[in-house]
Amino acid sequence: MKPDAHHVKQFLLRLQDDICQKLSAVDGANFVEDSWRREAGGGGRSRVLRNGGIFEQAGVNFSHVHGDAMPASATAHRPELAGRSFEAMGVSLVVHPHNPYIPTSHANVRFFIAEKPGADPVWWFGGGFDLTPYYGFEEDAVHWHRTARDLCQPFGDDVYPRYKKWCDDYFFLKHRNEQRGIGGLFFDDLNTPDFDHCFAFMQAVGNGYTEAYLPIVERRKAMVWGERERNFQLYRRGRYVEFNLVWDRGTLFGLQTGGRTESILMSMPPLVRWEYDWQPEAGSPEAALSEFIQVRDWI
């Protein structure tokens, strides 16, 4: 089957609805929607839940942008895209809970296609999901990775190990020499063996996010926490900000190409703190995190 951007868009809109509905059902609060238009072509729906019962902030963004020509920054690395019209669409989300025992989660799925008359389209899918705990629980990590493995299984035995490694490699803070979290799945430039296969995998990843995350939320939401745990959560959120602003390709590309800043920075935690040369107390649960987020086979 030839690439069908319309079907992808319809799936992404339904996915945004589904994820927002499930997060709201767990939290009790509702998302506020901000629909926006892009002057150069396209637009999106940004939805944010603030100060809910469980989630301090959850942002779920859908965007669909298109144009007659790719920005120069994009064609510099992919000269085959020069002179082509393009469409780029996706759903991206980040959830920052109040409770430090509930991890932060991130997911996105996206599709890109560039076309010109008389030539085959250039297209690919990308996406994934990853988990950033503040306090490590092995059963949560095993569930997260088992869900990732199980959704990958129908697409081949090598898919989960390959995309897990890509995720571990990608969500790494080089300036800190540490992982952002315990990873999950990350894939990009997926266009083989054919459109139907790739689209099915992207759908599996998108639909798998809530299956991976919400059982962890339910398991941890009643755990009692205090000022110590909150301060550590805010400190570790600093790593999240550092990664997004220094290393994340999507954030940098969006800001450098005139993307919608409010939507791009929706992933930022609402509160965060830095403290010069802070070190956790030896033997404490906070100190245990650095070992917990080391790359390993969880299943």
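For all residues, glycine too, the Cβ spot is worked out from N, Cα and C.
Other Cβ atoms within 10 Å of the Cβ of G259 (substrate binding site), summed over all protein chains shown, number 17. The substrate binding site annotation in Swiss-Prot covers S92, N108, V109, R110, G258, G259, R260 and is backed by sequence analysis.
H96 (divalent metal cation binding site) falls within a strand segment according to DSSP. What Swiss-Prot records for H96, H106, H145, H175 is divalent metal cation binding site, and it gives sequence analysis as the kind of evidence.
Under the heading active site, proton donor, Swiss-Prot lists H106, citing sequence analysis as support. Secondary structure at H106 (divalent metal cation binding site), as computed by DSSP, is strand. When Cβ atoms from all protein chains are considered, those within 10 Å of H106 (divalent metal cation binding site) total 24, not counting its own.
Residues or ranges marked as site 'Important for dimerization' by Swiss-Prot: H175. The Cβ of H175 (divalent metal cation binding site) lies under 8 Å from the Cβ of E242, V246, each of which sits 6+ residues away along the same chain. According to DSSP, H175 (divalent metal cation binding site) sits in a coil region rather than a helix or strand.
The region 'Important for dimerization' feature in Swiss-Prot is assigned to 240-275; the stated evidence is sequence analysis. If one looks beyond the region 'Important for dimerization' (240-275) by at least 6 residues along the same chain, the residues whose Cβ comes under 8 Å of a Cβ in the stretch are 34, 36, 38, 40, 44, 46, 48, 50, 56-57, 59, 61, 63, 71, 73-74, 92, 94, 96, 104, 106, 108, 132, 171-176, 180, 231, 234.
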Integer Å value for the Cα distance linking H145 (divalent metal cation binding site) with G258 (substrate binding site) is 35
Rounded mean pLDDT within the region 'Important for dimerization' (240-275) lands at 91
Counted with DSSP (H/G/I as helix, E/B as strand, rest coil), the region 'Important for dimerization' (240-275) has 22 helix, 0 strand, 14 coil
Spacing of the two Cα atoms, V109 (substrate binding site) and H96 (divalent metal cation binding site), in whole angstrom, works out to 19
